[in-house]
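Under the heading ATP binding site, TrEMBL lists Phe91, Gly92, Ser93, Asp104, Ile105, Asp106, Asp158, Lys219, Tyr228, Gly237, Val238. Taken from TrEMBL, the feature Mg(2+) 1 binding site applies to Asp104, Asp106. The Mg(2+) 2 binding site annotation in TrEMBL covers Asp104, Asp106, Asp158. What TrEMBL lists as compositional bias 'Basic and acidic residues' is 541-550. Annotation source TrEMBL lists domain 'Poly(A) polymerase central' at 210-355. According to TrEMBL, the domain 'Poly(A) polymerase RNA-binding' annotation covers 357-526.
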Amino acid sequence: MATSQPPVRHLGVTAPISLSLPTERDKAITISLMEELRHQGIFETEEETRLREHVLGRLAGLVKQFVEKVSLMRGLSATAAKQAGGKIFTFGSYRLGVHGPGTDIDTVCVVPKHVSREDFFDIFEPMLREFEGASEVSGVPEAFVPIIKAKINGVELDLLMARLALSQIGDDLTLQDDNLLKNLDERCIRSIGGTRVTDEMLRLVPDVVVFRDALRCIKLWAKRRAIYSNVMGFLGGVAWAMLVARICQLYPKGNAGVVISRFFTIMYRWSWPQPVMLKQIEEGPLQVRVWNPKLYPSDRAHRMPIITPAYPAMCSTHNVTESTHKVMTDEFRKAAEIVDQVMVDKAQWSQLFAKHDFFHKYRYYLQITASSGDADTQIKWSGTVESRLRQLVMKLEFVESLILAHPFTKGFEQVYFVTDEAELNAASSGEIWDSFKKRTAKDIEGEEGGRAVFTTTFYIGLSIEPKPVGATGPRRLDISYPTAEFAKLVKMWEHFQATQMGIVVRHIKSSALPDYVFDEGERHPKPPLKRPKTAKTSGKNGEDSEDHPNKKPRSSHTPADLQALQVASAPSDRQSTARISNGEPNYNRRPPSPPGLGTPILPFAETVVAQATGVVAP
């Protein structure tokens, strides 16, 4: 009688696709990949590594001093205050081991139950300001996850805080135990979630070294292709890491070359919204919401669900929109084609990391300019506008004839020095006149009306449906409603000041894009934008949905909100309406396969859909 074999244990929610060892070709491809990554300069030096470790060691000592100080204030004895402890944990790219030169370190300061969040900002933040080598210390207690940003010896740090229901925080504490989450508020749960997710991810990959090498490649590719930004509706670092970890689970014996060669094909063919999970979702000790599309309608709406492995399971990609999903799918396809060519020696790895073509891709763009009169205000105001841009993208997706609204992943910061109201209006509208383009602060010293204007400008590329066969004449694209609603939304911010902050949304052609969005030599020179001859006509051409800073509306004019609506709804082919043209990328359906690639497939008849997702293909 044959004896039954015990089931083979594996990592992940399904069995691996392949248990094959790397071939000689796979090994050669991996060597060339690592050489290219080193050439791209993504590895920090040993000196930089030692500096980070030194800074973290000093920070750990400061946290203990902070806890001891608060403990004494709460009436604890000197001995008990000393034993109260305190510990810092890292998360994100540093804890995953894939950080590069100049990147910040995400940390969470874990403190005992008698230390409050108010203590963190009222006591620890001033201590940090006085700390030797510390600079640029800035606390944001009202943030969704309250944070202190700082630099210590030139190393940037993001510091969160979590208070556990413990009287002492020892050096041997780990955050793996789900019971540590009991009696914590949501902000504390969110604060330690990053470390818990990172640690669980590292436990769920078969080979940490392979995972790190492959993740470095994917992070660099995603940043170069401008699809690395959670706030803009793409994927953030955690989501990209979980995708790579899932491919590592499916090829547990593979090296980095194997993982990368499969990554893009599998992601292109993935049956979204089938979720990507590194383990089955688990129940826990808390009455908290766990991702469950069967129970929660909002969870069913997630387009690319990538689920965190640590309790409580959450969707790390709830920000993904229809447009950003299409953009990423197209990028997966392009990358699959390149890697397919690399595998047969017809392309180089450097081609995978080519810079994005966002500012060459579309004929029309929305330009969103947030402006204010000082640097500190601008940081908070531009951050508020950036955090709400996804809402504008989602509203644009409902506009008839608009296939896609593609947001760029970062804003462009500029400071201009203006001398009168006309220049102020132009600068805060995103226009760059030759008269103030190169002007410095020294140039306006003692000049009446001279002031600085701080701007942060964001861009959204617009892909338009081709004109129907037989149609004649231009069509108009009405984006008045989404742009006006967006302007209202950002001005609902509780700290908004109409006389100090401006928001302008305007439509521009690709030929009107400013030079600062291009690298040197990337575009042909164009004539400078000169100041209009009279102030009477400047800044009032009907192109903007605008609200300028430092300028109170005159009684003879329509208030800013109504003015934005009227301008946006007026028949104009300049700002809020657009003439339609052909020749733009078609995102209306899954992109067609390029010549020589076909639908991306895996070697050895590996069945992606059935095995990677756990869903049997019909």
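Placed from the backbone N, Cα and C atoms, the Cβ positions cover glycine too.
Note: TrEMBL annotation is automatic and uncurated.
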(message) Just to verify a number: CA distance, Ser93 (ATP binding site) to Asp106 (Mg(2+) 1 binding site), in angstrom, no decimals.
(response) 8
(message) What whole-number value in Å do you get for the largest C-alpha pair distance within Phe91, Gly92, Ser93, Asp104, Ile105, Asp106, Asp158, Lys219, Tyr228, Gly237, Val238, the residues recorded as binding ATP?
(response) 20
(request) Determine the Cβ neighbour count for Ser93 (ATP binding site): the number of other Cβ atoms within 10 Å of its Cβ. (result) 21
(request) Have a look at the binding-site residues Phe91, Asp158, Tyr228, Val238 and say which one has the shortest Cα distance to Asp104 (Mg(2+) 1 binding site). (result) Asp158
(request) Averaged across the domain 'Poly(A) polymerase central' (210-355), what pLDDT does the model get? Just tell me the whole number, please. (result) 95
(request) Tell me the Cβ contacts of Asp106 (Mg(2+) 1 binding site) under 8 Å, same chain only and six or more apart in sequence, or just say none. (result) Thr90, Phe91, Gly92, Ser93, Tyr94, Arg95, Asp158, Leu160, Gly194
(request) Which residue among the binding-site residues Phe91, Tyr228 has the fewest other Cβ atoms within 10 Å of its Cβ, if you could check? (result) Tyr228
(request) Sort out the sequence-distant neighbours of Val238 (ATP binding site) for me: same chain, 6+ apart, CB within less than 8 Å of its CB, listed by position. (result) Gly92, Gly194, Val197, Thr198, Thr308, Ser316
(message) For Asp104, Ile105, listed as binding-site residues, tell me which one has the smallest number of other Cβ atoms within 10 Å.
(response) Asp104
(request) Sort the residues of the domain 'Poly(A) polymerase central' (210-355) into helix, strand and coil with DSSP and give the three counts. (result) 73 helix, 7 strand, 66 coil
